[in-house]
There are 2 protein chains.
Amino acid sequence: MKCLLFIICFVNVQCDITYIEVKYPLTGKLAPPNVVWPHPQKMEVSNDLLYIRPNDLQVDSNIETCDIVAKAIERYKPLFFPPTLDMHQPPADTENILQTLTLNAKNNSQCEKYIELTSSEAYNLTIKQKVAVVEAESVWGLLRGLETFSQLIYINEQNYVVINSSVNITDSPRFRHRGIMLDTARHFVPVPVIKKNLDTMAYNKINVFHWHLVDDQSFPFESKTFPNLSRAGAFSPDHVYTPVDVADVIEHARLRGIRVIPEIDTPGHTFSWSKSMPELITVCWAHGKPYQAIYSIQGEMEIFNPSEPRVYSTMDALLREIKERFPSNYVHLGMDEVYDKCWLSNPNIRQWMVDNHILSTKNLQKYYADRILDITRNISVTPIVWQDVWDEKVELPPGTIIQVWKDSSDNIEFDSWASYLNRAANEGYNVILSSPWYLNYISYGKYNTDRSVMNLEFFKYYEVEPLRQFSGSNEAKERILGGEACLWGEFVDGTNLLSRFWPKASAVAERLWSPATINNSEDAQFRLDVHRCRLLRRGIPAQPILNGHCGNYEVGMPKSLINHPIFNYENPTWASTTKASLPAKVLASLSSSSTKMVTSYIYVIFFLSVGYFYH
Amino acid sequence: MKCLLFIICFVNVQCDITYIEVKYPLTGKLAPPNVVWPHPQKMEVSNDLLYIRPNDLQVDSNIETCDIVAKAIERYKPLFFPPTLDMHQPPADTENILQTLTLNAKNNSQCEKYIELTSSEAYNLTIKQKVAVVEAESVWGLLRGLETFSQLIYINEQNYVVINSSVNITDSPRFRHRGIMLDTARHFVPVPVIKKNLDTMAYNKINVFHWHLVDDQSFPFESKTFPNLSRAGAFSPDHVYTPVDVADVIEHARLRGIRVIPEIDTPGHTFSWSKSMPELITVCWAHGKPYQAIYSIQGEMEIFNPSEPRVYSTMDALLREIKERFPSNYVHLGMDEVYDKCWLSNPNIRQWMVDNHILSTKNLQKYYADRILDITRNISVTPIVWQDVWDEKVELPPGTIIQVWKDSSDNIEFDSWASYLNRAANEGYNVILSSPWYLNYISYGKYNTDRSVMNLEFFKYYEVEPLRQFSGSNEAKERILGGEACLWGEFVDGTNLLSRFWPKASAVAERLWSPATINNSEDAQFRLDVHRCRLLRRGIPAQPILNGHCGNYEVGMPKSLINHPIFNYENPTWASTTKASLPAKVLASLSSSSTKMVTSYIYVIFFLSVGYFYH
């Protein structure tokens, strides 16, 4: 880090550095404007800088025919050169100009289609003699290196686009599974918002989108096999992920090196299924009557009926469809929070348990889990489960991933997350950690020490060290695959999802990518603040984590990029309606002339407010 | 409420009602889609409905020449008829169509310019014989009645625009001062965001914008008298409220019946002044050295120097300017959190205190306050202060408003807010309450009871009853003017301000407007949820307070109105840049044809994405 810091002395970077005016300076080191987040494994950069010609940097690759690389190059240019910001051509008298960026995959015949758990994401990034090169084993490493390169570029106070003239970065992730869990059942999250979230994940080198597709509240996932599930179980016909939508999300993720892992949570959390398939769901009883809700204990029907054979045939067909449609080959089965009071309340289930010598609800849960795990075995997908089913001592197939979400700080009946991690890995299971990273648990995050003003939430997420208390073999340690930041959707939808996730999830991203030794929270707070401004420059409404400002592109300011079409996937009807209502002649003249308008760097967006008249 | 509820049986309103699919139904009453928020004092509405012709409702007034009324009529039409939503003309065979809305001020010569603390906001709204009439003493009452009328309109499932055929509402606010405090110093809030927030305040009948203009972190307010204050003290030249900006905000508020009360917080919270006027600020000492920060106690210079005569001449000139530029005739003087350690650390101040027989920092604070209050007396503005200066027993001029922000739940050294309210009112001061309404103290708000799922934050804000423990004369009770929801800006800027304020501040709005008997939180939770969907239909990204959905206009969905130009005040450079880069011919053909495109309801926004090319 030390060498980077000298940049501040070399170039005045006021336009990009925040918090200069803060009353309470933080004790961490001031971060340079081109700080790389998450921090690379090894990094040497010079103080000297090269200029870059805005919109005119040549980017080549030895696998340019690979769509992932070709599209990434397209995508990154507006990230190198944010479309609203002032950028000058380099001074006429300089030769210190970066000539090219080259992306070289070591095996240049290989254009993989989907990133996998075992894919290499390692890369080297060098800049010397006015040439930048990213080298990697795989296209995924090239994507990560391209992201790092994009972060090294910045616009200095004189509005020149610059980058360090000598760079030597060797980088690879510490953990293989670095995920975000999004709940699209408590509130529907429209595809354009999911896509923008995927973009932000890529900016943080996060490689798993765990899609909590359905839950009690709604069933937005449109199954081809069982279309009635969403027809009846979605909030409305507008609140559905069609097969085209799902494929669109998977493709968007694929191009960014992100795996999409769907979750179909059973046997609990299934009230929305009851709208179309009531026969699968246990009717809960109370006071001698069926369909009775006691909301702290049970809904009226909220959990599968394990005695019902159609449960298994339905799950078999649905999981086969999932395997076909989601290329990750992983499926999250949920299996959390199986509240057994409802099962016991139902006389038919009680009788069935007796008839089948199942003498406890634990064993009933085990019976259910075993049958579902048989299905995943038969169709060769790897199951992921919330830890609950493992807590119940169900034997899980080898390779199963256990997602740890409990911690003694939430419930005195729970152990610490570290002990769960330890135990599961030592028992031979793969594990991912989420307990300390439930981003929906928001709090007002400020406290003063004698030396600093701190952001509590950031610290809480950042200071987690997954292996701090790990004891086990190296082999067992390898089974700790990583973790996920989770955002449950009770109070989250398109209005606040992005600002609530970011930049808090970035803290998790660095923890899972960077070496364990990168753990100075006060430094990191500064660095993340710079990265947060970068996210704003990319159209992401990441919320502030400290007092201060980013620049004249903040949300609501004239150069804001938040609604810039290049960083957004929405296509509001009002835009197309007004377009459609234009005379054909105007449209024709526009589209014929549009080609003339193409410069080296053009997205032609024409936004003309002629006025607003109301009789 | 009962009669309203029958509407649900009468018309299927699924498109506008949320939470039909919720697993855990709430125990409160289901709210109709045209619930009025805040709840009126008295309200009778029929089950029968009238149709309204979309975009074609005649609105008259007996004071149409009054700009406030004329502009309100313009403004409300897109609120009656949200521009992206499907609306049919009434069936051909019906005569049940609302003919007109008339806005009648009782004194029709009176077009007041600015709302005041004592202004009447009362109104009656009736609909009978296909005619709607709002009657009020003042234009401000007309604005409130127009808002209520706009909320009664809804689009039913068949996409007809309807309203109750018989309505009888008598309404007026319970408290006169219903405010929002916005901190624009810890982060800058751009004017377009402030305006959108003012719109939302009007939708909630909030009538005071308390503008916490400056603080330690920055001085964005551009003073005409002392331009260096913002030149040196703002985050950047882009992070400044120019005189034009301030006038623009005041005018925007004026047209909506909102008073703008500026706060210039002294003698503490003044670090940003030190950038241009270090002579006014106390240098803090520690360990025998000046300019020493101990952040839990003092900054290096963060508090006025009361021994410095230029402090008073500067404040005199600045407050005179404030009086001239802000028509409310109130000024908030701050006077909170005067941490005296810095004063005592400074040898010059200690000597001056001895010389002037000021034997404690309490008395020093009193000395300062007395001199500033002399200024406000001389220039005839009414001061508002945070309670601290009153806690220190400073005698305040009659009419001073004390803003209560402390409570025993925050700090064991504090009393309960109720006791402060009691005491201040009984001592003859006017009082406003903020302690329970610090909206920056966010928390994850969900808990289950046997019968309900609750939103904790909503309940916390809604269940406050300002007079619950009041004991005093009716005269003293009258001095409890109302309250304010405050949002301190440590972690808030344009990215999240609106979603963080709304709909939580709506809970405060109803508490301050509606009768104390409107206090069933579970019912209110449903009603507010409907109102929250209304805010979305008006382009406000109000966040969800419960599970569920609003409709196909949610953020990110095709009919979303969040970025619709009619509800936004931003003018991003990328829009005008791309416009400017178009060939002149195209522009000419567009503007000539634009007049042809004007229909009965047109804002011509042309948003055409021809493509995005990058070499």
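All residue numbers here begin at 1 and follow the chain in the order shown.
Cβ from N, Cα, C; glycine included.
Copied over from TrEMBL, here are the features:
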type	residues	note
DOMAIN	B:36-152	domain 'Beta-hexosaminidase eukaryotic type N-terminal'
DISULFID	B:Cys66-B:Cys111	disulfide bond
DOMAIN	B:175-515	domain 'Glycoside hydrolase family 20 catalytic'
DISULFID	B:Cys284-B:Cys342	disulfide bond
DISULFID	B:Cys533-B:Cys550	disulfide bond
TRANSMEM	B:597-614	transmembrane segment
Residue, out of the disulfide-bonded residues B:Cys66, B:Cys550, whose Cβ gathers the largest set of other Cβ atoms within 10 Å: B:Cys550
Inter-residue Cα distance where the pair is B:Cys66 (disulfide bond) and B:Cys550 (disulfide bond), in Å: 36
C-beta crowding around B:Cys342 (disulfide bond), within 10 angstroms: 28
Surrounding CB atoms that lie within 10 Å of the CB of B:Cys533 (disulfide bond), all protein chains: 23
All-chain count of other Cβ atoms within 10 Å of B:Cys111 (disulfide bond): 16
Close in space, distant in sequence - B:Cys284 (disulfide bond), Cβ under 8 Å, 6 or more apart: B:Pro290, B:Tyr291, B:Gln292, B:Ala293, B:Gln298, B:Gly299, B:Glu300, B:Met301, B:Glu302, B:Ile303, B:Lys341, B:Cys342, B:Ser345, B:Asn346
Between B:Cys533 (disulfide bond) and B:Cys111 (disulfide bond): CA-CA distance (Å): 33
B:Cys66 (disulfide bond) and B:Cys533 (disulfide bond), distance between Cα atoms, whole Å: 31
Counts by DSSP class (helix H/G/I, strand E/B, coil) across the domain 'Beta-hexosaminidase eukaryotic type N-terminal' (B:36-152): 28 helix, 32 strand, 57 coil
Mean predicted confidence [pLDDT] for the domain 'Beta-hexosaminidase eukaryotic type N-terminal' (B:36-152): 95
